[in-house]
Every structure is written in structure tokens, then in C-alpha cells.
Amino acid sequence: MSRWIQNGDNVDITKERKNATFNTERMSAWIHGGDEVLKRRREILDYVKSNPDFKDPIPVEFLSREERVSNGTRKIVKMTDNTDQIDGADFFGEGMYFQSLVMGRDLHPLSLHYIMFLPTLQGQTDDEQLDEWLPKAIARSIVGTYAQTELGHGTNLSKLETTATYDPSTQEFVLHSPTITAAKWWPGGLGKSSNHAIVVAQLYTKGQCKGPHPFIVQLRDLETHKPMKGVRLGDIGPKLGINGSDNGFLLFDKYRIPRKAMLMRYSKVQPDGTYIAPAHSKLGYGTMVFVRSIMIKDQATQLGAAATIATRYSAVRRQGEPVVGNGEIQILDYQTQQYRVFPQLARAFAFLFAAYEIRDLYLRLTEELTHGNTELLPEIHALSSGLKSVVSWDTAQGIEQCRLSCGGHGYSQASAFPEIYGYAVGGCTYEGENLVMLLQVARYLVKAAEETRKGTSNLAEICGYISKTGRRTSSLTSIANYTTDQIIEDLEHVARKQVFHAYDKLKKAQQHVKPEDAWNQSSVELAKASRWHVRLYLVKTFLKKVDKAPEDLKKVMIHVARLYAFDIISSSSGNFLEEGYMRPDQITEIKEGVYECLAKIRPVAVSLVDSWDYDDLELKSVLGKRDGNVYEALLQWAQNSQLNKSDVIPTFEKYLGPMMKDARSKL
Ligand SMILES: CC/C=C\C/C=C\C/C=C\C/C=C\C/C=C\C/C=C\CCCCC(=O)SCCNC(=O)CCNC(=O)[C@H](O)C(C)(C)COP(=O)(O)OP(=O)(O)OC[C@H]1O[C@@H](n2cnc3c(N)ncnc32)[C@H](O)[C@@H]1OP(=O)(O)O
Ligand SMILES: Cc1cc2nc3c(=O)[nH]c(=O)nc-3n(C[C@H](O)[C@H](O)[C@H](O)COP(=O)(O)OP(=O)(O)OC[C@H]3O[C@@H](n4cnc5c(N)ncnc54)[C@H](O)[C@@H]3O)c2cc1C
């Protein structure tokens, strides 16, 4: 047994846990939404651990692509056989947790079935279609995906090339891919697993194009699973991550589907081909809004996992001896290490709390839509698009910082960082490329700026700051007295300034060039405005949540929330210094605030990450193991390598052996 192990756990990590100034269980309950939620998490965890069907034969990193898809398929079938173990209506909470424990980060052939196919059926069908399709999809007698993106077009839906042409003589639509670039490309589970898809195609009726619309389409024979005649499909090959998912391609050759295959909750085509438009032209984009809103929690969970691994490893890793003879110190004691890791932990919290807000807002939207009210749609579209972009970007950068903070071992797949990164960074692209989505937010902000300039503003609360008359200089005197209101006021100033800077640039350009050129020439500044708008929202949400925390937890969490805010301000100090809003000495104060927060977090860092309540089963990281026994575990993990099956591998006999023998004979 290693000298670092005491009572089973690494001595350093045990010592860290003894430093806790708060009850980790209480903190976990607060983070996850209450005692009952925590209790349910534990029950789900126990269930997953006790079920041998959910075990991987060896760590998935050692499996080939085919083995990954096969293992993932086996597990997701078992998992969805057992959905009675969770509250099926709580997809955001119990559903995502259950899935994360069983499936890990490799995804699986039913991801799109659950995340987009089912929600599209629920959101876009009329009553008759719902009755026909939903029971089949829930029972899994059919498996579906969401096929929208094409080889030639992902962002710009108006230029999708797949056509659905209505033929009133047979009351059918004819699906067709007129070019190679019309091939659907990317949909998860499309390649080999799904037998149905929601296909988004340009609707043609009575000779007119009515834009992209969703259709439910059978792709494979229900018995043989062979592609239907007129349907060509397959897997698109290995990717940066999620290789347990068979993302696929799909082409149609004048493939006929019945009129009722068009999802007709909002738009309709009558038997004679008459088109009835929806109440709001973007109602058909509802599933994307749903996924963007649940992605925020998923991304927060990935960044939280990365920060947990980095923090635990930094507590057990000893490197460097500042006082010669005193022994090497825990790398967590280096301020540079804290500066690298703790802001990632703070971000993960900020994102998680924002995820709760957007979930609640989305539920409100769903309720309003049942009454035909689409008023909330633009606000939620802007917020979910903005959060998705800022959160997925910061998450990807944060995971990489955590990986780097673990030195060489961070580069090994044993750390889980490659899997976490490969999985999470996809979020920068799917559900709308991040920059494009920031520009969607900008459209919303430009309208708010316009209203304000006209003096007619009656802005939604979320952008109320745009029409405020703020201070000309920051009121910060000392970091100790820097209040939540002052922090928000300073961030509002910078966000508002950037919104108007981008708006004025756009308006000025519009006087000289065509509107689309003016937009393009202002787009970098517009995207910056969107980022500030979202960061402000994240800071406000975090501080508000901590303000309402019980006193014992607030004492700790206030340093985490302030670190999040101070890190944003100090790393963009130029924006705050502009036009003398802040003085250099105020920025210095904020930097000192960052260092103070790091020092406050240091003694409780391990307990804070413990409070995220990740089990080893969920983290899937040798470096992040709860017991801290990383060295023994690394050695054990490496034994899984295929190369270790024999002492001498065939390649040696074939190449290296003869090479060396030959060289020896010449000496
Ligand atoms: C029980 C549980 C069991 C098991 C659980 C199992 C599985 C769970 C699995 C995972 C769960 C965890 C989390 C997720 C993790 C991983 C995810 C895995 C897979 C990822 C799947 C990814 C799928 C996809 O990517 S699908 C494809 C997505 N594609 C896009 O997003 C395309 C982006 N483009 C667009 O959205 C649009 O084209 C556009 C917005 C850019 C432009 O649209 P359009 O051309 O129509 O615009 P305009 O005509 O110019 O009009 C613009 C105006 O319209 C407004 N607008 C746009 N969109 C909306 C909207 N949605 N709502 C409201 N308004 C909108 C816009 O604001 C403009 O308004 P204005 O007034 O004119 O300014
Ligand atoms: C892991 C993963 C899973 C996916 N799953 C699915 C799925 O299940 N179903 C599905 O239908 N799709 C899926 N997709 C596709 C995904 O939704 C698209 O890749 C995404 O919408 C971006 O489209 P694109 O790839 O065409 O990029 P493009 O739109 O070509 O973007 C390329 C670049 O051009 C820029 N750009 C494009 N338009 C503009 C603009 N108007 N203004 C400024 N810059 C612009 C972008 O910012 C980006 O830098 C998936 C993708 C990935 C990576």
C-alpha cells in the first residue's frame, strides 16, 4: 500500500475534507434543488450501481468504434427498459442524471430519439398525429432522429435543399434530395439505428415554396431494418467525440410519404394543397429552443466534472519544494494553480444556476403556447441562444484549463478530459453555431437599443439595463465594500456601452452601405454586445441565487460568486477602463479581489467539488477519484491496453526486432 493512503483514502484528500467549514450534504442539496432531489439522485445512483447490465466490459476508452456503438446500444436499451426507476417527466433532472450515470459521455443511438424526436412529436403534431406517433415513440417500437442539417447547409435553414412537394392527386408529399449538398448530414442515430426521422424539408405546394417544415418519415423497414426504397443512408464516420453515436447521412430519391406525415400543429396543408401558415413563423423551430435550453445544464455538468477532477488531483499531487527539506507541496497550494482551476469551478456554478432559470422560463413558454400566446418566444430564443453560446464556449475553454492544470496525466484518456472535452465542445456547434446564435441575440439587443433611443422603451426585464441612465464612473471604493449592486451596476455599464457602441456602428454603416453589409461590418461588435449581455445575466443570476442561500452556505458561496464576477471584470479590464469609467487603481482592487477569493476558496475547494455530488461512476476519471488514490489506479487502468495483452507484440517481431537485429549484425 502506498505511504499516501490511510484508511483506504489518500491522506491529503482526507485532510482537505476535514477542513470543510460547511456541511457538504447541505451544500449538495442546495446546489441540486433540495433534500428530496438529492435523495432521488442517491436512489438512482444506487440503482445504477446495483444493475450489472449497466457495466462497461472495460473502460470505453479502450473500445473500438464498433464496440462503442454496440456497448452503448446494449446499455441504452437496458436503461430505457428501466425508465420506471425515474420520473420520466423530469427529463432535465432525473432523466439527464440517469443517462449520464449509465451512458457516460459517448452518447448512444437513442440520444436524438429522446432529445429531439420525441419533443418534436410532442410540440409539433396535431392531436391525431400525436395519438398515432407518440405512443409508438415512447414504447420504442419505432426509433427516430432529427434530420435537418445538410452537407451544404446547417445554419441557414432557408436554403435547405431537400424538397417535400405536395401531390394533391395522391395526397402525398414527394421527398427528394436534388443535389449531393442536399444530403442530410450529422443527425445522431441516423446512420444505422433509427428507422424514422423528423425530416426538415422545403415545403412546395401549388407551385410555391413555403419554407422549411418538419415531416415524420419512415426510413427503414420495420422488420428487416433495410433502408426503404428511395432512401439511402449510412454512418458519417468517427468524430472528435460522441463516437458511441452513429451520426448519419441521408438522401431521398422521389420518396413518397402521406400528407399526414407533415407535422401539422402550427402549419397545415389541406388535401387540395392549400397552405395554412402558423401563428408565428418560427414556431417550427421549437425543438431547437428546447435543446438549447437543456444544453446549459449539460454543459455546466461537464465543466463541474472537469473542475472536480482538477481540484481533487491538485490536492493529491505534490510537486515542487518551496522550502528545501520540507517536502514537496500539494500543487493546489500554488496560486497559479488556483487561478487556473477555481474560476472554472465558479463558472460551472454560474452556468448551473442559469440552467435552472432557463428551465423555468421554458416551462412558462410551453404553458403560454398551449393558450396560443407566442409573446415569450423572442425573449427565450434570445436568452437560450446567448446562454448556449457563451456557456459552451467557456465550458470548452475551462475544460482545457483543467486538463492543462493536471500536467502530463491530464493528457491521458485516464483523466477523462479528452472525453469530456470531445463531448462538450460539440455544443459550440450543434443547435446553432455559436457565433450565429450570438448574432441572433444581437438582433434582439438592437431592437432594445432602438426602442431606448426613440424614448419609447418598455423593455423586458432582462434587457431593462439598456434603457437605464447609469453612472459616469464606477462607485467602487474598496474591494471589501464592493457590493452586489455595485458589481451589477459596473457590468451593466459595460454591457450597455457595448450594446450602444455596436448599435451606433450599425446605424452609421447603414447610412453608407446596404443593410446586409452594414450588419456584416458591425457583426464583431454586435457579437461582443451579445456576450456582455449574457455575462451580465449570468453574474446577476449567480449573485441572486447566493444572496438567497442559507447563511452557512452563503459564507462560502459568496467568494465563488464574487470570483466569477471579478474574473470577468479583471480579464476584460480594458472595457471597464474605457472613458475613465474605472480607474487603474480600481482594477487593481478587483484583481486583489480575485486573489482574495482564491485564498478563501483554497481550504474548502475539495469539499466544494464534493458538493457537486459526482460519483466516480459519473466522473469516469482516474485522476478525479473520490478516494484520491490516483497512482495505483493509473497503473491499474493502463493494464486494459490492448498492447499489454502480451509482453512482446507481433509488430516487434515484424519491424523493430529485425531492424535491431540487422543493426547489431553490422556493428
Ligand atoms: C427518460 C430520459 C431517457 C433518456 C435520455 C436520453 C438522452 C438524452 C440525451 C442528452 C441529454 C443532454 C443534453 C444534450 C447533450 C447532447 C446533445 C446531443 C446531441 C446534439 C443534437 C444536436 C442536434 C442539432 O444540431 S439539430 C440542428 C440544429 N440547427 C440549428 O440550430 C440551425 C441554426 N439556425 C437557425 O436556428 C436559423 O436558421 C437562424 C435562427 C440562424 C435563422 O433562421 P431563419 O433563416 O428562419 O431566420 P430569418 O428568416 O432571418 O428570421 C430571423 C427572425 O426569426 C427569429 N427567430 C429565429 N429563430 C427563432 C426561434 N427559435 N424562436 C423565435 N424566433 C426566432 C429571429 O430572432 C429573427 O427575428 P427578427 O424579429 O427578425 O429579428
Ligand atoms: C456533434 C454534432 C451533432 C449534431 N447533431 C445533429 C442532428 O442530430 N441533427 C441535425 O440536423 N444536425 C446536427 N448537427 C449539425 C449542426 O446543427 C450544425 O453543424 C450546426 O447547426 C452548424 O451548421 P454548419 O455545420 O452548416 O456550419 P456553417 O453554418 O457552415 O458554419 C460555418 C462557419 O460559418 C459561420 N457562419 C455561418 N453563417 C453565418 C452567418 N449568418 N453570419 C456569420 N457567420 C456565419 C459560422 O459562424 C461558422 O464559423 C450536429 C453537429 C454536431 C457537431
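Even glycines carry a Cβ here, placed using N, Cα and C.
Please treat TrEMBL annotations as automatic predictions, because they have not gone through curation.
Over in TrEMBL, the protein carries these features:
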{"type": "DOMAIN", "residues": "23-140", "note": "domain 'Acyl-coenzyme A oxidase N-terminal'"}
{"type": "BINDING", "residues": "Thr149, Gly188", "note": "FAD binding site"}
{"type": "DOMAIN", "residues": "285-446", "note": "domain 'Acyl-CoA oxidase C-alpha1'"}
{"type": "ACT_SITE", "residues": "Glu431", "note": "active site, proton acceptor"}
{"type": "DOMAIN", "residues": "485-661", "note": "domain 'Acyl-CoA oxidase C-terminal'"}
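Taking the features listed in TrEMBL, we show where each one sits on the structure.
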residue : record                       : Cβ contacts under 8 Å, 6 or more apart
Thr149  : FAD binding site             : Lys184, Trp185, Trp186, Pro187
Gly188  : FAD binding site             : Leu107, Pro109, Ser111, Leu112, Thr145, Tyr146, Ile242, Ser245, Asp246, Asn247
Glu431  : active site, proton acceptor : Met288, Val291, Arg292, Met295, Lys388
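If you average pLDDT over the domain 'Acyl-CoA oxidase C-alpha1' (285-446) in this model, you get 96.
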